[in-house]
Amino acid sequence: MADQIPLYPVRSAAAAAASHRRAAYYSATGPGPGADRRGSCCDWLINVCQRKKELKARTVWLGCPEKCEEKHPRNSIKNQKYNIFTFIPGVLYEQFKFFLNLYFLVVSCSQFVPALKIGYLYTYWAPLGFVLAVTIAREAIDEFRRFQRDKEMNSQLYSKLTVRGKVQVKSSDIQVGDLIIVEKNQRIPSDMVFLRTSEKAGSCFIRTDQLDGETDWKLKVAVSCTQRLPALGDLFSISAYVYAQKPQLDIHSFEGTFTREDSDPPIHESLSIENTLWASTIVASGTVIGVVIYTGKETRSVMNTSNPKNKVGLLDLELNQLTKALFLALVVLSIVMVTLQGFAGPWYRNLFRFLLLFSYIIPISLRVNLDMGKAAYGWMIMKDENIPGTVVRTSTIPEELGRLVYLLTDKTGTLTQNEMVFKRLHLGTVSYGTDTMDEIQSHVLNSYLQVHSQPSGHNPSSAPPRRSQASTPKVKKSVSSRIHEAVKAIALCHNVTPVYEARAGVTGETEFAEADQDFSDENRTYQASSPDEVALVRWTESVGLTLVSRDLASMQLKTPSGQVLTYCILQMFPFTSESKRMGIIVRDESTAEITFYMKGADVAMSTIVQYNDWLEEECGNMAREGLRTLVVAKRTLTEEQYQDFESRYSQAKLSIHDRTLKVAAVVESLEREMELLCLTGVEDQLQADVRPTLEMLRNAGIKIWMLTGDKLETATCIAKSSHLVSRTQDIHIFRPVTNRGEAHLELNAFRRKHDCALVISGDSLEVCLRYYEHELVELACQCPAVVCCRCSPTQKAHIVTLLRQHTRKRTCAIGDGGNDVSMIQAADCGIGIEGKEGKQASLAADFSITQFRHIGRLLMVHGRNSYKRSAALGQFVMHRGLIISTMQAVFSSVFYFASVPLYQGFLMVGYATIYTMFPVFSLVLDQDVKPEMAILYPELYKDLTKGRSLSFKTFLIWVLISIYQGGILMYGALVLFEAEFVHVVAISFTALILTELLMVALTIRTWHWLMVVAEFLSLGCYVASLAFLNEYFDVAFITTVTFLWKVSAITVVSCLPLYVLKYLKRKLSPPSYSKLSS
């Protein structure tokens, strides 16, 4: 259920600051963030009506919602766009903001005025009513689904703890201060502070894939003061409160304190992100009890929900321009007619009647046909067996896939598989690769065997002496002990937790008791916050040192001989993107030795470890191989050193102001002169067929930019290994810049380079954009490839927006994680991959694919077909309207400029629907190039981006064709009729239908059996209906040979020249694709 409510995370602090105003605005404006806020006028009105409510920090008493000083929002989820009253106005506004639809509304309404009435009301209202009915029905179904989803979420029942025991309460009735019990696999209903759990370790796992797109589980810790209470009911016997900071956007941080007043002295505990349970996450282990601190619009998940904008395709915008041009022509034509009448009589009324008579110049069926066409393309994409699992989520922009110039892609999980494999261990003097891992295994085995065989008094953590063999050189010993130390460090310094699957039949509390005893390998899985971590722990298992259990206070390793070593965890310092490193302090139970282990990126660690001459060089070598590097180091602490550190650390954690800075300063006091143990290399494997796909896209003239949060070295090496940057190309690495002067120099240096790929980091990019936005974008656009590393989600979206504004070209963003959502929504066309990081990106995207390589076929084949077909369809529908307006103009001018309709009632409705609808719509099955050809020659795609299939030039050609054919049909009928005026109508109308059918045949490039069926079906319908249309036609005349030869003659004159011209054009200047298909 939860996976249908996409949440769009914002990860960077900059974004949090920038979006603060929006957050304050959400809490003020009535309808939740799902509501549709339009236009600045509406915003202004809302702001005037409701003063903004300031978000404030709060003090929450446990189990006492009535003690809250402020009124907090209801805890209900609202994703609906409209309510009962705004639905119809809202939907109508969305429709009539298009010029085309508004024009038709005006025309249809004019028919209620008797003086302007031309023909029957249904000829105008039926098509308009049909369009609106379809749209309203579609919106109503979507809205109803949203309503049902919201209702389902809001009426989920939870257990609330009260003085009288447990009571069931709806999710939407939960208030700030309530104590809520959440079972395993249940959604957390609001933001809470974690008070206690059924797990004896005092911690639990939660799944956060709906919040940040990460699929791994997060470990959360209960407040120790409440976890220690003997029974659940004791939560009401204590007097305690939580102080929480004001609601904000950042889902990765929280500052607060827990205070118990009735103890002596009062207990104060600091609360951080690991004590929180955010709404929309799911409990993965045990049962948890928490106190609610934020509800409804103030929860992190709702504040991070951005409103996706409605995307409109370029083709729709171009057609909108053409309809405006047609409207201009319509007005001019009507004025000419009235002028030729000599402004006689009530001329303004005649002017309006002419406007109505020629209103068919702008066909209402244009929108119907195009919308149905888009639905058909979407269906074809989803049914394509070569790209299984593809989903079209935004059905309005399939043509965009054929017009893309820039493709912005994420790296991890999109180009790479996000599956890590341990490849290299480097100890400074010796390096081990995949083929020499067995040596490490034997070293580890030996060192533990010796420890085992020594008397118990010996210190096992010192380098285990090898059995003295005279032949063994001295160096060998040190290598063995160094390998042992390195493997032990990798096995201890991480945030991985082994999880044991419970076997059937074992339930409840016993499950954990049993699982603790059973360390068998087959039902152990590892959970961690990043796949790199799991790869490292799996590797230590493969060389003999296995992580078998872990809780908040301790960790157990199993040696190759089966002995279990226990280590106490004294402190954990988690990895952050600022510090780029993580640390842990452990005490070995058997020797009481305290060690501080640390691992992190080479940039962060190079200043922390003791001086050495190999680290930088080896890191560079590994990065060139495409490996992600981590530096591992350790420092042994005495008991006094540790006690001193601990007192300073807990003091810093309780401070309310600048807590993060103070804590970081205390930890840094330990990070000095650490002993460098080893350097590890982990490979992130490329997705299937990434290289040929990128090659194809490059040949198609699409410029590819890679935007990633990863390190510069890793990003560069993936860019090379995936052939994003070709072998021969130079790479210009943009030096880090911090101010305007540096940026100026660096940009000048870059300007002198030609045809080289650019690699730039997020910070430098930020500086350059601040001072030299235009210059940077201009230079970057000339590059064959651009790599931006260390990008935050908001920066990714910013780059997309910049490209769109500066180049006015179509952009496409492709990604797979929650951090790519903002980029996907900012692009003209967003593609999401269902990846390791959850479904967030694919839910927020316009198109969702299962593998990166599918993008080639999606663009080359489906993008091409959708654009070409829609262009042909749109212009043909316009031609259909123009030709009948030309006939009307000729008719009126022959009969003394009378504003009388040529065809009445059903003939007009039938013309646009039953007689020509199927053949014209069958153009959506047309294709100019076979799919195999389009993929084999991606260069064909370059033509599409120039937009030549639908331009003012092609449109003018169609206008000329319409004028020629309309003129011939009308004049021919007038010249050839003898006595009755009814005959003119019969001859010209029949010739018109035949001409239209022949013109469809002329436009088609590749025949499909359905097209033939459509042609004959329409002809059959027309012939059959002649019998019933005796009010318009003289049935006796229709059956004569005279009628037949006259119709045939006119039709031949109107169509033959065009066939000849088409043949000559194919011979003399064939289009590029025809050279391939011949």
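Using N, Cα and C of the backbone, Cβ positions are placed for all residues, glycine too.
Annotation comment: TrEMBL describes D410, T412, D816, D820 as Mg(2+) binding site.
Its own atom aside, the Cβ of N819 (ATP binding site) has 28 Cβ atoms within 10 angstroms in the protein chains shown. Here TrEMBL flags D410, K411, T412, E533, F575, K599, R628, T708, G709, D710, R790, K796, N819, D820 as ATP binding site.
Annotation comment: TrEMBL describes 460-473 as compositional bias 'Low complexity'.
Counting residues of the domain 'P-type ATPase N-terminal' (69-125) by DSSP class, helix then strand then coil, yields 29 helix, 0 strand, 28 coil. The domain 'P-type ATPase N-terminal' annotation in TrEMBL covers 69-125.
The domain 'P-type ATPase A' annotation in TrEMBL covers 166-300.
Taken from TrEMBL, the feature domain 'P-type ATPase C-terminal' covers 843-1070. Per-residue confidence over the domain 'P-type ATPase C-terminal' (843-1070) averages 91 (mean pLDDT, predicted model).
What TrEMBL lists as region 'Disordered' is 451-478.
Per TrEMBL, transmembrane segment is recorded for 122-141 (among others). With a cut-off of 8 Å between Cβ atoms, the residues of this chain six or more beyond the transmembrane segment (122-141) that come close are 87-88, 91-92, 94-95, 101, 104-105, 107-108, 111, 364-365, 367-368, 371, 905, 908-909, 912.
Within its own chain, the transmembrane segment (325-345) has Cβ neighbours under 8 Å at 99, 103, 351, 354-355, 358-359, 361-362, 878, 882, 885, 889, 892-893, 897, 899, 952, 955, counting only residues six or more beyond its boundaries. The transmembrane segment annotation in TrEMBL covers 325-345 (among others).
Among the features that TrEMBL reports, transmembrane segment is placed at 351-370 (among others).
Packing against the transmembrane segment (877-899) from elsewhere in the chain are residues 118, 322, 326, 330, 333, 337-338, 340-341, 350, 353-354, 357-358, 360-363, 365-366, 369, 911-912, 916, 920, 955, 958-959, 961-963, 965-967, 969-971, 974, 988, 992, 995-996, 999: each is 6 or more residues past its ends and has a CB under 8 Å from a CB in it. Residues or ranges marked as transmembrane segment by TrEMBL: 877-899 (among others).
Residues of the same chain lying 6 or more positions beyond the ends of the transmembrane segment (905-925) and with a Cβ under 8 Å from any Cβ of it are 119-120, 122-123, 126-127, 360, 363, 365, 369, 372-373, 376-377, 869, 872-873, 876-877, 880, 884, 985, 989, 992-993, 996-997, 1000, 1003-1004, 1008, 1010-1011, 1014-1015, 1017-1018, 1021-1022, 1025, 1029, 1032. The feature transmembrane segment is assigned by TrEMBL to 905-925 (among others).
Counting only same-chain residues 6+ beyond the ends of the transmembrane segment (955-975), those with a CB under 8 A from a CB of the stretch are 322, 325, 875-876, 878-879, 882-887, 889-891, 894, 984, 987-988, 991-992, 995, 999, 1046, 1049-1050, 1053-1055, 1057-1058. The annotation transmembrane segment is assigned in TrEMBL to 955-975 (among others).
Annotation source TrEMBL lists transmembrane segment at 981-1002 (among others). Proximity of distant same-chain residues to the transmembrane segment (981-1002), defined by a Cβ-Cβ separation under 8 Å and at least 6 residues beyond the stretch ends, is recorded for 876, 879-880, 883-884, 887, 902-903, 907, 911, 915-916, 919-920, 922-923, 965, 969-970, 972-974, 1011, 1015, 1018-1019, 1022, 1032-1034, 1037-1038, 1043, 1046-1047, 1050-1051, 1054-1055, 1058-1059, 1062.
As annotated by TrEMBL, transmembrane segment applies to 1009-1029 (among others). Beyond the transmembrane segment (1009-1029), the same-chain residues lying 6 or more positions past its ends with a Cβ under 8 Å from any Cβ of the stretch are 906-907, 910, 914-919, 921-922, 925-926, 990, 993, 997, 1000-1001, 1035, 1038.
Annotated transmembrane segment per TrEMBL: 1035-1061 (among others), in sequence order.
The highest number of surrounding Cβ atoms within 10 Å, among the binding-site residues D410, D816, D820, is found at D820. Here the binding residues for ATP are D410, K411, T412, E533, F575, K599, R628, T708, G709, D710, R790, K796, N819, D820. Their largest Cα to Cα distance works out to 28 Å.
Distance from the CA of D820 (Mg(2+) binding site) to the CA of R628 (ATP binding site) is 21 Å.
A separation of roughly 22 Å, to the nearest angstrom, links the Cα atoms of D410 (Mg(2+) binding site) and F575 (ATP binding site). Take the Cα of D816 (Mg(2+) binding site) and measure to each of the binding-site residues F575, G709, R790: the nearest one is G709. The Cβ of R628 (ATP binding site) has 23 neighbouring Cβ atoms from other residues within 10 Å, across all protein chains displayed. Remark: secondary structure over the domain 'P-type ATPase A' (166-300) totals 23 helix, 53 strand, 59 coil, with classes taken from DSSP.
Its own atom aside, the Cβ of G709 (ATP binding site) has 23 Cβ atoms within 10 angstroms in the protein chains shown. Rounded to a whole number, the C-alpha distance linking F575 (ATP binding site) with D820 (Mg(2+) binding site) is 21 angstrom. Between R790 (ATP binding site) and T412 (Mg(2+) binding site), the C-alpha separation comes to 12 Å.
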